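Have a look at the structure below before the remarks.
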């Protein structure tokens, strides 16, 4: 009894120093189920990624670690993003993060989070946007596209998956870079927007590259809005090399609330780094149409800051709402 | 493709889903006052974590089971579980009073299955070509189609037209809540971001169709709760294949009516049931037997109201325009599972879609087996008074509404919808038009505004498109017909009376 009291006093003293907090976390984490919050419905792209990561990451967290994915859809993901940002930073609540969408939301409305609310763990998927038209349109290059759009003087329509999303930003940025006017026609989801482009009801699209896969006979991808040409489509030029400085994509990754204890962060980082090299996991992700492009820690954080600045700039110049 | 789909069905979970769906459906449907829409509404949350094929098989099983279950209480008690089995009750109850209740139930069961199989075959043949045609449906065409659908519900949905029109408008109004689909401006959200997505379909559905029932009975006078009635005795009887074969023309006509009326979004299954009952009587050489307990009088409406499912799935899958609450829910389940309706649904998810079609056909087998098995049980089930189930329904409704988005706001939405539904039902307003208005409101607004955006604000886009023009023409013709029918009837009556 005496010994127990002694220990508790000592440990209480020791706990006040961050040093031992780290030690105790390093030993214990994870000692209960880790929850992964997804701000979108079950079955969507982000949800599938979260579930794939969760099922493979358990093994690397060790000690019979269990992860459970919970969906809090609504308000364009805001409910989920807010939930992660305002949770205890103990490593038991992680969340999926969608850039630039999540940060764009903080500009067009009141939000209880910002880029500083998170510990940026790792980005897994990056899906650049494209400039795309229907094959039936006969347009084969970005230059032709700009020429036709200029002729139409603002009546050139671009089909979007939603407002304030990456394809919306792409359209705004491209219009600015090419000095043309576009009429935005938002649809409910990327598939509907794509169908409308194929049916000739809208003139062009800025959908993510993964959305164009499988439509090689119907869609003409004029350019990708990425830094470099895509390994899976080396013949498609980037907008940058054509002289239009536009870079946009959708980035899906994993975050935790800001202020995660060092030791927990380290445990997670090691596990995630190991996961990113697991051939089973990589094959699993690839089979779901989202090959992994891993960026962790500082690199992910700087990506987030960059996307945040772009969203802020666009909101200032051309508010979308 | 058909074979791949068949292989995908050979999974124990699909069988479990089909059987449990059908059995639950039959039981819920058989309880007087509880119908298919409520059964579906209560069971959707169960399907959230399931993969697409079992999830949708379960929902379709519940629906089919509940429609058949509704005919049990219609035949034995003359209390149709759903308006769509009201037509079945006419001859079914007459047969039951003669002691032929067992025979009526069997005829109803076999006719249901026939109608279901027929409409599925039509679905399999027509859905894919129609879906590829859907590429021609741009915003203007969609807007014209939805306008047509909303008008058809008002004009031909049965009941008082003004009531239906009011309900459709109320539904469209309710759909305004949330972010506007083009500019993203919040409307009637009162700064709550949970409301930015608008009223969610499932909480509203659960509220309107399940919770309102509870409120309705809660505020009913004690005296109106009836003592258990005496059930007519069921004499053992058999319906041979020959008996059904004799009615083949009736079954075919009724299935055709059910399927093709089902394709028109929004009408539901009540109208085709009565239409085919009328047609069967008109074609029959023994028309005087109708109403006295004719086999065909039971078979015709049952075949028709089951055939509606297959028909209603066609616009749902091809265009993403659901025809009624059930297809709206199935559409929701498709979207949830990442299967976007439209011209590429069959190319990208052919196996899933055909597996669901085949499941719809194959579920006839468990429907027959459990239908026959549950006859004897059903006699006890229909004695259950709904009030004994209300605690369970309330709990399921609360749980169901919450589990959609793990959100408490949805629970309030459900309770609110339940209360509004209660008030409207007390005032005898029909709820299905309200639901269709709510479902089609946002897409209609979005399509109209998209059309105006692409045409730079000119209405010409509606006249320049053949499809849109044809649909608008159809809308105008429907209005004319609905105006002319009462006039013609009056004339005929006057002629009839002057001849006498």
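Any Cβ shown, glycine's included, is placed from N, Cα and C.
Small disclaimer: the values here were computed from a predicted structure and weren't measured.
Residues or ranges marked as domain 'DUF112' by TrEMBL: B:15-435.
TrEMBL lists B:12-34 (among others) with the feature transmembrane segment.
The transmembrane segment annotation in TrEMBL covers B:40-63 (among others).
Look at TrEMBL and you will find B:107-127 (among others) tagged as transmembrane segment.
Residues or ranges marked as transmembrane segment by TrEMBL: B:133-155 (among others).
If you look up TrEMBL, you'll see B:162-179 (among others) marked as transmembrane segment. Counting same-chain residues at least six beyond the ends of the transmembrane segment (B:162-179), those with a Cβ under 8 angstroms from any Cβ of the stretch are 150, 153-154, 185-189, 195-199, 204, 424, 428-442, 444-445.
The transmembrane segment feature in TrEMBL is assigned to B:199-216 (among others). Remote same-chain partners of the transmembrane segment (B:199-216), defined as residues 6 or more beyond its termini with a Cβ less than 8 Å from a stretch Cβ, comprise 33-35, 37-38, 40-42, 44-45, 174-175, 177-178, 325, 328-329, 332, 386, 390, 393-394, 396-397, 400-401, 404-405, 410-411, 413-422, 424-426, 431, 434-435, 438-439.
The feature transmembrane segment is assigned by TrEMBL to B:250-275 (among others).
The feature transmembrane segment is assigned by TrEMBL to B:353-375 (among others).
Summarising the annotation, TrEMBL assigns transmembrane segment to B:396-424 (among others).
The annotation transmembrane segment is assigned in TrEMBL to B:461-488 (among others).
Within its own chain, the transmembrane segment (B:396-424) is flanked in space by residues 41-42, 44-45, 48, 167, 192, 194-195, 199-200, 202-212, 214-216, 219, 431, 434, which lie at least six positions past its ends and keep a Cβ under 8 Å from the stretch. Proximity of the transmembrane segment (B:461-488) to the transmembrane segment (B:133-155) is established through 3 or more Cβ-Cβ distances under 8 Å for residue pairs spaced 6 or more apart. For the transmembrane segment (B:133-155), the partner stretch with the highest count of Cβ pairs under 8 angstroms, out of B:40-63, B:107-127, B:250-275, B:353-375, is B:250-275. Sequence-remote contacts of a segment are chain residues at least 6 beyond its ends whose Cβ falls under 8 Å from one of its Cβ atoms, and for the transmembrane segment (B:40-63) they are 8-9, 11, 13-14, 16-22, 24-25, 28, 202, 205-206, 209-210, 309, 325-326, 329-330, 332-334, 336-337, 339, 352, 355-356, 359-360, 363, 366-367, 393, 396-397, 399-400, 403-404.
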